[in-house]
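Going by TrEMBL, these are the annotated features:
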type: ACT_SITE; residues: His122; note: active site, proton acceptor
type: BINDING; residues: Cys130, Cys133, Cys154, Cys157; note: Zn(2+) binding site
type: DOMAIN; residues: 1-254; note: domain 'Deacetylase sirtuin-type'
Amino acid sequence: MSEVAKKCAELIYKSNSIAVLSGAGMSTNAGIPDFRGPNGIYTKANIKNPERIFDLDYFYRDPSLFYKFHKKFLEYITKAEPTFTHKFLVQLEKEGKLKGIVTQNIDSLHQKAGSEKIYEIHGGCWKNYCTKCKKEYSQEEILEKMNIEIIPKCDNCGGVIKPDIVFFGEPVKYLTESEVLMKNSDLVLVLGSSLAVIPAAMLPSLTRGKIIVVNKGEVSEWYLPPEKVALIVNEELDNFFTQVAKEYETLKEG
Ligand code: CNA
């Protein structure tokens, strides 16, 4: 058991109001690649400026770039199951310690694991709508359409359908609610995020307590006030939280 895992467990044990900011690193063990990790979608994409995939102006000009990526992404998502860390967060919520999760993820794995208070700040793939007439479509309907054509089109008006995920150039969702959650927290866990995307990366700094970052790989510390940072752990999430959970149970037993 590492000393760092012990310290993390102690901070969780002492906390009464935990908030989580989760990122794509939460779901890599479930088989969904992240963006900026070594096997990430941006890292591996063989295209110039891979950020264009999620650029709103580019989407309206040529939705096919996004949809080629999205087809694969939906295949990953439909097969994925929640990880140990997703389940540990459910336990903390059931115990009344964890007050909510702000997730940058669009894969719904927190919901699948059983977490209830979730703010999908970048939206989710489960909802889709026509960019012209706003008719809504489920993920299953989109998958069916994508078996027939690269770019799914609306049955009503022929407009291009877009998933309800936040592209660059669109405002994030639930920002006020996420800010309130962070402000009321006495501990923030930042899990599997490079903290490269704002405003999400700015949220942990709002806590009145401490911040623990667990991310295997580089993290931007630009928006992390040093006086609030208790730990920055460069480790794989499920390995680390398996240790934390053991230590946490020992602390509960007294
Ligand atoms: P990111 O910038 O790709 O960062 C992820 C970080 O997690 C990287 O630093 C990785 O090295 C690290 N990492 C990968 N696997 C693990 C692991 N098992 N344990 C610990 N650390 C790990 O992703 P962010 O979430 O910071 O960026 C925000 C984007 C990514 C959001 O807009 C998301 O919508 C988007 N995204 C979401 C998903 C998903 O829903 N699963 C997948 C890919 C991208």
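For all residues, glycine too, the Cβ spot is worked out from N, Cα and C.
Shown on the structure are the features that TrEMBL records.
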residue	record	Cβ contacts under 8 Å, 6 or more apart
His122	active site, proton acceptor	Thr103, Gln104, Asn105, Ile106, Ile165, Val166, Val172, Lys173, Ala200
Cys130	Zn(2+) binding site	Tyr137, Cys154, Asn156, Cys157, Gly159, Val160, Ile161
Cys133	Zn(2+) binding site	Cys154, Asn156, Cys157, Gly159
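The Cβ neighbour count for Cys154 (Zn(2+) binding site), using a 10 Å radius over every protein chain in view, is 19.
Cβ contacts within 10 Å of Cys157 (Zn(2+) binding site), excluding its own Cβ and spanning all protein chains shown: 12. Those same-chain residues not listed among Cys130, Cys133, Cys154, Cys157 yet with C-beta within 8 angstroms of the centroid of the Zn(2+) site C-beta atoms are Thr131, Lys132, Lys134, Lys135, Asp155, Asn156, Gly158, Gly159, Ile161. Computed over the domain 'Deacetylase sirtuin-type' (1-254), the whole-number mean pLDDT of the model equals 95.
Within the set of recorded positions His122, Cys130, Cys133, Cys154, Cys157, His122 have a CB atom less than 6 Å from some atom of ligand 1.
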